[in-house]
Each structure stands twice: as structure tokens, then as C-alpha cells.
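Per Swiss-Prot, active site, charge relay system is recorded for His74, Asp113, Ser189, and the stated evidence type is similarity to another entry. Among the features that Swiss-Prot reports, signal peptide is placed at 1-35.
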Amino acid sequence: MNKNVMVKGLTALTILTSLGFAENISNQPHSIAKAEKNVKEITDATKAPYNSVVAFAGGTGVVVGKNTIVTNKHIAKSNDIFKNRVAAHYSSKGKGGGNYDVKDIVEYPGKEDLAIVHVHETSTEGLNFNKNVSYTKFAEGAKAKDRISVIGYPKGAQTKYKMFESTGTINHISGTFIEFDAYAQPGNSGSPVLNSKHELIGILYAGSGKDESEKNFGVYFTPQLKEFIQNNIEK
């Protein structure tokens with residue numbers, strides 16, 4: 001297995017006024033490869049597992065507990081230039097769960113592209129975060145050939161922050177590294193990787209290659225990573 005994944009810069013961070021994101025063009029290290037293209041738009045994201053997914057300006061995150069979101073380090077950092085705001089389960093036709101200001105960020109101390117984002121409980125519209133989202137449960141484990149889904153906001157502002165779900169298969173797991181063939185694009189960084197029970201296996205962080213035969217990559221949640229996340233869920 002080659003772990004030297006080429007993560008390419010992008011210019012995918014632009015404006016969506018309804019999310020309160022400022023316009024900006026910036027190279028961000030979250031290029032996503034094409035793979036198995038079983039993709040559908042989620043027009044109503046008010047029910048689980050979709051209402052646990054949040055939009056950052058340049059990526060995606062997933063709610064795991066009270067006021068607590070998991071995403072990539074590079075997404076949490078890049079969100080600084082967008083007034084530190086996230087949108088709960090925004091979709092093209094369904095009712096969103098509000099826009100929330102970020103309270104703080106806790107980065108995983110290891111090499112893994114993993115960060116915890118805490119948000120203020122009350123949205124800019126006066127909504128309660130925890131009453132408008134669901135918490136995604138952790139999977140006990142996963143293995144090669146398991147079916148998975150990836151939910152997020154590919155191409156972000158270019159698609160007006162429509163939510164999409166793609167499905168595929170796990171190819172390989174090694175330590176905290178997971179490879180799979182579910183289709184993804186820029187903006188899917190931080191997207192939850194879920195098993196068939198909608199339990200959280202990990203989060204997507206990168207891709208490699210130029211055609212649909214190439215694969216995508218994620219941070220696999222080992223017991224150690226799950227312990228880090230659980231210890232940082234707001235009480």
C-alpha cells in the first residue's frame with residue numbers, strides 16, 4: 001500500500017450568502033478523486049443520518065455529541081476565513097438546522113487529519129443546535145469489502161451547498177488509514193464514512209488519481225481515535 005497520497009490544492013471556497021460565508025478563493029489541500037459513482041442528492045436532510053451532517057465553507061463535518069463536530073484539521077483551519085461558522089444539515093429543499101458560530105477547535109495531536117469543533121448552542125437564527133441535529137454513533141469496527149456511504153457537500157458553493165450521498169466499498173484498512181471507492185469531490189473533506197447501519201467508521205480526507213478507477217481515503221476511527229473524540233465531546 002502506498003501511503004504517499006498526493007493531496008492537491010483547490011480553489012473551491014466561494015460564497016453562499018444564506019450560510020453566512022464570505023467570498024474567498026484559496027488553495028486548500030483537499031483534492032478528492034473520482035471513483036464508483038453511485039451518488040444521489042439528499043433534498044430533505046431533517047432525519048438521521050443526514051441531520052448529523054454539517055457544512056463548513058470548504059468542507060463537511062459530522063455531529064458526534066453535544067455541540068461537538070468532527071472534521072479534518074485542514075477544514076477546521078480554513079474555516080477561520082469564513083467567520084468561523086457552520087450550517088447544520090443544509091439541503092436544497094429541506095429545512096436547515098441553523099447557522100452556528102464556532103466556539104473552539106481541538107486538533108488531534110497525531111499525524112491524522114482529525115479535529116474536534118465545538119459550536120455555540122444557539123444559532124444566529126435563535127435555534128438550538130442539539131434539538132436540530134442527531135448524534136452519529138461509532139461503529140465497533142469495519143473490514144475490507146464492507147459497503148459504506150459518504151455524506152457531504154461536494155463542490156460546496158458551486159452546487160449551492162446541496163447535500164449528496166455516495167455509496168461504495170472499503171478496499172483496505174491499515175491502522176488509522178482507510179481506502180474506499182465511494183465517489184467524492186472537493187468539499188467532501190470531513191464527510192462521515194458510514195457503514196450500512198449508518199454508524200461512523202471514519203471521515204474522508206483526500207483522494208488521488210485522475211479517473212474513476214482511482215480511490216479515496218479517510219481517517220479510520222481506531223479505539224484510540226474514538227477515545228480522543230469521546231473525551232472531547234462537550235459535557
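Every residue, even glycine, has its Cβ placed from backbone N, Cα and C.
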One finds that other Cβ atoms within 10 Å of the Cβ of Asp113 (active site, charge relay system) number exactly 26
Work out how many Å separate His74 (active site, charge relay system) and Ser189 (active site, charge relay system) at their Cα atoms, rounded off. 9
Asp113 (active site, charge relay system) to Ser189 (active site, charge relay system): how many Å between their Cα atoms? 10
For a quick check of packing: other C-beta atoms within 10 Å of the C-beta of His74 (active site, charge relay system), how many? 20
Tell me, how many other CB atoms lie within 10 A of the CB of Ser189 (active site, charge relay system), whichever protein chain they belong to? 35
